[in-house]
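Undergrad: Quick one: this structure, given as structure tokens, is what I'll be asking you about.
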Amino acid sequence: MRRRARKGGGRQVELTVTAIGSRGDGIAFVDEKPVFIPLTLPGDRLRVRLEAEKGGGFRAEPLDLLEEGPNRSDPPCPHFGVCGGCQLQHLDESAYRDWKAARMPEALERQGVTAGELREPIYISAGSRRRATFALRRHAGGLDLGFHRRQSGAVVDLQTCLLLTPELFALAAPLRAALEPLLPPGMRGDVILLQAENGFDLLLITPEPPDLAAREALSAFAAEQQVVRVSWAADGKMAPEPIVERSAPLLTFGQTAVSPPPGGFVQPSQAGEAALVAAVLEALPKDAKRVADLFAGCGSFTFPLAQHATVTAVEGDAAALAALWTAARRAGLAGPVMVEQRDLVRQPLHAEELAAVDAVVFDPPQQGAREQAQELAGSPVPRVIAVSCNPVSFARDARSLVEGGYRLDWVQPVDQFPWAAHLELVASFSRT
Ligand SMILES: C[S@@+](CC[C@H](N)C(=O)[O-])C[C@H]1O[C@@H](n2cnc3c(N)ncnc32)[C@H](O)[C@@H]1O
């Protein structure tokens, strides 16, 4: 049977890039339809091959760069372009900052939301990421360990990475050497690394559990490389099994030491976390007595907030909440800190449940908190503080709050992912 040619696919065209899209690709137009071209910049003139039309636009692969736009610069990392970890190293610093700064007002404008004050982003420098997920691929010639290739499941065997702290990247080579003899050829997996304050925490995700010899080898590796804990899981969903625990990995939130669960969410950099916490505390009214911290994780905001008010931390992930609660009890904060495990998409906190709360902090995953924002919109809570890693879903949720009678007082963007399209932010809403 002959395959029907998909509309537009395979066609070669010349075009000029006019903008950068929300995922960091260059955007040009063909037949008045957008074309998304990776690794290109405004002003670039190029020949591309269009892929099939999808959702009213095209993706395209660049074939020849005929003329360079004015803001190109040399990418500092030799893996740039192949590695999927960074999208914008080829853009000069000032154009990069202009693009990041424009993301927030654009997203708000699309939703018709006006902010009292839109602040300049705080830029977190590269070389500060303390957490990373490396993909693993064991092949006949060795082990590839690094980020996925751009738009591919293949693994870039990283020789350098400018995003990570130097200490965290320095673990990559010994880790590669230690894992290579332990994984059979053909095996794929991931390893999640966290640089905690007292050493490294590793979660190995492979289809088969390590056998006894592998466990012994990992134990020796941990002792040599200041790795405090190694855990294993078959996939990202099952509960990880500890393999080596020399001591619990520790991070300090506010003044409280917390041991995050293996692979658990923490803010990617210490400096980014500090900027977000400072903005959340700035937004917290001085007289707030009761605060709800929604999507609390293991407490990056809960514990700094608990220095000022009683906090109820609500979180869907049992392991994260258990880590938060254990830390609260150990610090003598059971009382000022309370916890509730709850799915905030299926069962958002209702407006009536929020009646006695002076401030709500909510920090959902990328997709935002549509259901919770709608409940907040009908609540009497005087101050709502949003933390988000996605200006688009944030702007949608902000619109619900504004339609419910809130005023968006200010937005503080935090660029915690240098050279990537992501942007984090803290926003303060008050009842009008
Ligand atoms: C962006 S993280 C923020 C965590 C924490 N505030 C921090 O800064 O470390 C989002 C959190 O939302 C939690 N989460 C995701 N979906 C959820 C849901 N449906 N209900 C409750 N919590 C959820 C995740 O487990 C994760 O801890």
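If you go along the chain as it appears here, the first residue is 1 and each next one adds 1.
Glycine is no exception: its Cβ is also placed from the backbone N, Cα and C atoms.
Please treat TrEMBL annotations as automatic predictions, because they have not gone through curation.
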Undergrad: Among Q255, Q267, Q270, which residue does TrEMBL annotate as binding S-adenosyl-L-methionine together with F295, E315, D363?
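TA: According to TrEMBL, the candidate sharing the S-adenosyl-L-methionine site with F295, E315, D363 is Q267.
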Undergrad: Sorted by position, what residues of the same chain at least six away from D363 (S-adenosyl-L-methionine binding site) have a C-beta under 8 A from it?
TA: D293, L294, F295, A296, G297, F301, A386, V387, S388
Undergrad: If you count Cβ atoms within 10 Å of each one, which of the recorded positions F295, E315, C389 comes out on top?
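TA: Of F295, E315, C389, the one with the most crowded Cβ is E315.
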Undergrad: What does DSSP assign E315 (S-adenosyl-L-methionine binding site), in three states?
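TA: Once the DSSP labels are grouped into three classes, E315 (S-adenosyl-L-methionine binding site) ends up as strand.
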Undergrad: Taking Q267, F295, E315, D363 as the record's S-adenosyl-L-methionine-binding set, what's the max Cα pairwise distance in Å, rounded to a whole number?
TA: 15
